[in-house]
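Copied over from TrEMBL:
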ACT_SITE  K192  active site, proton acceptor
ACT_SITE  E242  active site, proton donor
BINDING   E286, E419  Mg(2+) binding site
DOMAIN    172-423  domain 'Chorismate-utilising enzyme C-terminal'
Amino acid sequence: MPPSAITRRLSAMRTQTPSGFVRLGWPVMVERPLEWLRAQSVLPRFYWRSRGKDACEHAGIGCAHLVTATHEWEPAASPDGVETPRYFGGLAFDAEALGWPGFGACRFVLPRLELEHRAGRAVLYLNLYFDGRDRDAELDAAEAALNALRPALSPAPLTPTGFTRHDRPSAREWAEWITQATLLSDQARTPKVVLSRESRLATAQPVDPWILLNQWRQLAGDCFHFGFQFAPEAAFIGCSPERLYRREGTRLLSEALAGTSRRDGDPARDAALAAELLADPKNRRENQLVHADILARLAPLSHHASLAEPGIVKLRALQHIRRDIEAELHPWVRDRHLLAALHPTPAVGGTPRDAALKFIRRHESHRRGWYAGACGMLSHETTELTVAIRCARVTAGAVTLYAGAGIVIGSVPAAEWDELEAKIADVMSLLG
Ligand SMILES: C=C(O[C@H]1C=CC=C(C(=O)O)[C@@H]1O)C(=O)O
Ligand SMILES: [Mg+2]
């Protein structure tokens, strides 16, 4: 139950004319936001945690305001100018080839209730949005959300479930695509195209997406962790190492994360693999095409942008080349400009963007939906979005995994197929 000061404020609002955005928060005793989220029956439900060991966890339920097109979104400020709303959601990879019922091209939600967990302390926020609304209906909806709150559950293990696996494309089709994409004629048109595979694991018993996410994130330390469930039938979860961008006011952080090799348990061999990766022409090309594109697209939006030296990101089963990008944006730049410029980057689409999208639409028979899209949190002060890779769609009868690989000159079908396997290794190890 919320403290009486909160219920009193809600009652007082019934005799006032509140406007805009109002956020009421109070401390709560919640240790594990995912277990709190799993207990709630209200949809949508979602979870977001940025990369980095000090990142805050966000869990949200219900919807106080929905944005389905980022060009419509103008960040509202509360009347006191202190609190601004935070929206959680994402974009599909390709708005012209959606698939995935219920997700749509763009869906960002201002949660009705938002749990924020930072450094062991949790605060629950109730969000109210009065613009264009009937005051009493908005207050009724807020009170109903509070009455529907349930206490957190205890951590639960993943129920073991057998599955049968079906890949689209098959290894043979994949080899044909790679051959096609690396033909000289296609290389001239699309020097890089990121091709992907859908692996559908049909399960005998339903898998709880939040239990799966909870275990998955423990294998994926230095990653963004996310989950979105808009309707009972389907949830989208994942642990991605890649930042699309983080914007703090006019300061922008982005990165080129592309180029992959496996890891080795022996530290000396692991370091040798990293050195080989940094020196390998095919992997360097994959990465180079990403940072060149991001820098070119940021140029009209920023005063200056800088590119860091290549570094290695070590994940549990693989390592990637990463080059950090930093820019100072012009003051007129909004998230809608950044999204239009940066999404999809050549780390998941290819380059040039339109030619790569055409190649993907022509060859891939599965729908990417939100795989390779962008997801995270939007707000007036800070926006942070991850590139939605290393992810799964969980439905009643299946867990469907997605993985892609950047195809450039020098790509070998069998090696790229192995790269797809390595990219789903963490979640596969949990499903047994
Ligand atoms: C497209 C994916 O990974 C991208 C990110 C890092 C490395 C990549 C690569 O080396 O091919 C991909 O560009 C995916 O995991 O589905
Ligand atoms: Mg690659």
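Please read every residue number as a count from 1 along the shown chain.
Using N, Cα and C of the backbone, Cβ positions are placed for all residues, glycine too.
From a predicted model like this one, the values you see are computed outputs, not experimental measurements.
According to DSSP, E419 (Mg(2+) binding site) is assigned to a helical segment. Separating the Cα atoms of K192 (active site, proton acceptor) and E419 (Mg(2+) binding site) is a whole-number distance of 16 Å.
Following the DSSP three-state reduction, the secondary structure of K192 (active site, proton acceptor) is strand. Its Cβ placed at the centre, E242 (active site, proton donor) has 26 other Cβ atoms within 10 Å. Summarising the environment of E419 (Mg(2+) binding site), the number of other Cβ atoms within 10 Å of its Cβ, over all protein chains shown, is 18. Checking the recorded positions K192, E242, E286 for a CB within less than 6 Å of any atom of ligand 2 leaves E286, listed in sequence order.
E242 (active site, proton donor) and E286 (Mg(2+) binding site) have their C-alpha atoms 15 Å apart, to the nearest angstrom.
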